[in-house]
């Protein structure tokens, strides 16, 4: 004959349980023959690490079976459903189940969320203090650098929200949000840095000019024997494969030589004309005493031999 197990009961639970305390839940059923099997579940997930105990009843015909679940209470267990299920062949695949909802009390968990990741002067920012605990935390306390908020007109607290309008550099500092409940208190901090508007605009105006300078330098160095990654990356996409540009260095050298030769020629020609004119004036002065005009004076000065002794030739 089969002994049908009684409906199980869970004992050992006291509500509420503080976070970190040890919990021992016991599930017990009597009257089963053969001994029933007990299994534990937490939110429909079976728990394997349990203790199992089987005892004979007073009639020595049936068994009383118990199982103990031992664990440390954690905030993640708050609201979890713990169930004890009794399996036995007399139940026709319909197990008997006992359930218990856990209630865990824990200190608040605090987090600050900012509405502006890059606050600038003149803008506004909203800091939201999220606090989660059980019991529900009391209204939070906002402080700055360990003291009260310095400017209540611009720094307005509404529940868990701190709003700061018309930001300036004096608002820089560490803002602290503290939440507490009967279990304990907790806090977190947010460091506010108000940025200058000019500093935020500087990268957008400088980067294009630096890019232009890099491209210009790369074009000027195209005759270098060393190929750079920048030159390859900035090559004209419309240029045909295999075409090369003119040798600007060679053309520049030829132009420089031509200009230099031309300047030297002009200087030499000028010096020659100046010397020729001086010689002409000197010769004119030499023959001007007996000559009726300038041309005659030059001829007399260069070739006249009036007072000179004539040369003679003798043939033997």
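Cβ atoms are placed via backbone N, Cα and C, with glycine included.
Checking TrEMBL for transmembrane segment across the ranges 228-248, 249-269, 270-290 points to 249-269.
Residue counts for the domain 'Ig-like' (108-193) under DSSP, helix first, then strand, then coil, are 3 helix, 49 strand, 34 coil.
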